[in-house]
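J.: Relevant sequence annotations retrieved from Swiss-Prot are reproduced here:
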{"type": "BINDING", "residues": "109, 125, 167", "note": "RNA binding site"}
{"type": "DOMAIN", "residues": "260-383", "note": "domain 'CoV N CTD'"}
{"type": "MOD_RES", "residues": "170", "note": "phosphoserine"}
{"type": "MOD_RES", "residues": "177", "note": "phosphothreonine"}
{"type": "MOD_RES", "residues": "194", "note": "phosphoserine"}
{"type": "MOD_RES", "residues": "390", "note": "phosphoserine"}
{"type": "MOD_RES", "residues": "431", "note": "phosphothreonine"}
{"type": "REGION", "residues": "1-62", "note": "region 'Disordered'"}
{"type": "REGION", "residues": "56-197", "note": "region 'RNA-binding'"}
{"type": "REGION", "residues": "158-178", "note": "region 'Disordered'"}
{"type": "REGION", "residues": "190-228", "note": "region 'Disordered'"}
{"type": "REGION", "residues": "249-290", "note": "region 'Disordered'"}
{"type": "REGION", "residues": "382-429", "note": "region 'Disordered'"}
């Protein structure tokens, strides 16, 4: 018995597939799937033999194995495809964490001719296969294989193969790729949809090459897709994004003090329940200092607000508007107006209480628990109790004058001079030679009072 992605319970390994006349299971390729939707358009033409993994040379344009998930396409050159440790395995119903292990396989796509006649190479697309399946079913986890990126859940044992059934395209469609909350997609890549864009593109291009009459007939006999994806759609998307931004995306937008002030004021002008804290308007400027009634947020999250990299995983726990109103206890309370200029203004509070329940089966459970522990009642572990936004140090009133007065007193003491040269030696013990010398200097020949030798006292 093997697990089947997308099903709640484990199922047996699929073995239906496409069978040849001798009853042998024939491996089906992406090329076969692509040709199915266009065979009904080959009117008056001799059917071409289908190319499979056994009949077509390995030219890099055919994926020889079916992945359970849609691919991840590169749209920026020079970007490395990798995931953080413990991330990168697509999630699907029915697959336990112990079986979430495998690898991403790089599929080098074919080139195409642009409208101006130039030959362009499509950037590669990556497909996920569980460990022990796919083109490198015999490889061990972590082997150095070109075009392979190994990923695994932290709870998975990578020493054994995953007990996952092979995907039969006639029975199971590709599952849209999605990851556990907190997963960071490699920069320069985007997740494909259901995997049906290639046949739509091929059938659309064929109908355009037949002329207006045949194209009209084809459109009447076949339902047109909602949107036709061209081979160079990734490049066009990138160009449109850059044009929308009006500058190179590689140059970060500079935030000046004036722009940050405008953003902060714009946020603070909104009602309290509509504010979204960020770097320009931190949490405590939006909602006040931390304390028993507002007890969430560590130093880093208070500083960054929703811009904190850990915040998206917390947003998975946030209730929807429907859950807020219909799943909470609500109470309408009238409050006294605090406005002096508007004493008759009616102020109400919609007080609410509720709970968000989750268990260890929630994707990203360990990360969520870690973030919650770091931020719940974090103000109690900080110096001075509740963490407040540290204002610029203010000089106490009169502090400058007091300091200046002390400096003046020190200066006065340092520059004060004795009234006479004799007084400088008052505290010095006089020797007989000193007394004799002083007697000669003075007119009367008598040593003044106060200059007597301390030894005679």
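Quick reminder: no glycine exception, Cβ is built from N, Cα and C everywhere.
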J.: Taking the Cβ of residue 167 (RNA binding site) as the centre, count every other Cβ atom within 10 Å, in any protein chain shown.
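T.: By my count, 26.
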J.: How many Å lie between the Cα of residue 109 (RNA binding site) and the Cα of residue 177 (phosphothreonine)?
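T.: Approximately 19 Å lies between the Cα of residue 109 (RNA binding site) and that of residue 177 (phosphothreonine).
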J.: For residue 125 (RNA binding site), which DSSP three-state class applies?
T.: strand
J.: If you count Cβ atoms within 10 Å of each one, which of the modified residues 170, 177 comes out on top?
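T.: When each Cβ's neighbours within 10 Å are tallied, 177 leads.
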J.: Under 8 Å Cβ-Cβ from residue 125 (RNA binding site), six or more apart in the same chain: what's there?
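T.: Long-range Cβ contacts: 71, 72, 73, 74, 106, 107, 109, 192.
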J.: I'm trying to understand the geometry here, so how far is the Cα atom of residue 170 (phosphoserine) from the Cα atom of residue 177 (phosphothreonine), in Å to the nearest whole number?
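T.: Between the Cα atoms of residue 170 (phosphoserine) and residue 177 (phosphothreonine), the distance comes to 19 Å.
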J.: In whole Å, how far does the CA atom of residue 177 (phosphothreonine) lie from that of residue 167 (RNA binding site)?
T.: 15
J.: Looking at the region 'RNA-binding' (56-197) alone, can you tell me the average pLDDT?
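T.: Its mean pLDDT is 84.
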J.: State, in Å as a whole number, the widest CA to CA span among the RNA-binding residues 109, 125, 167 given in the record.
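T.: Taking every pair among 109, 125, 167, the longest Cα gap is 22 Å.
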J.: Please report how many Å separate the Cα atom of residue 431 (phosphothreonine) from that of residue 167 (RNA binding site), as a whole number.
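T.: Approximately 114 Å lies between the Cα of residue 431 (phosphothreonine) and that of residue 167 (RNA binding site).
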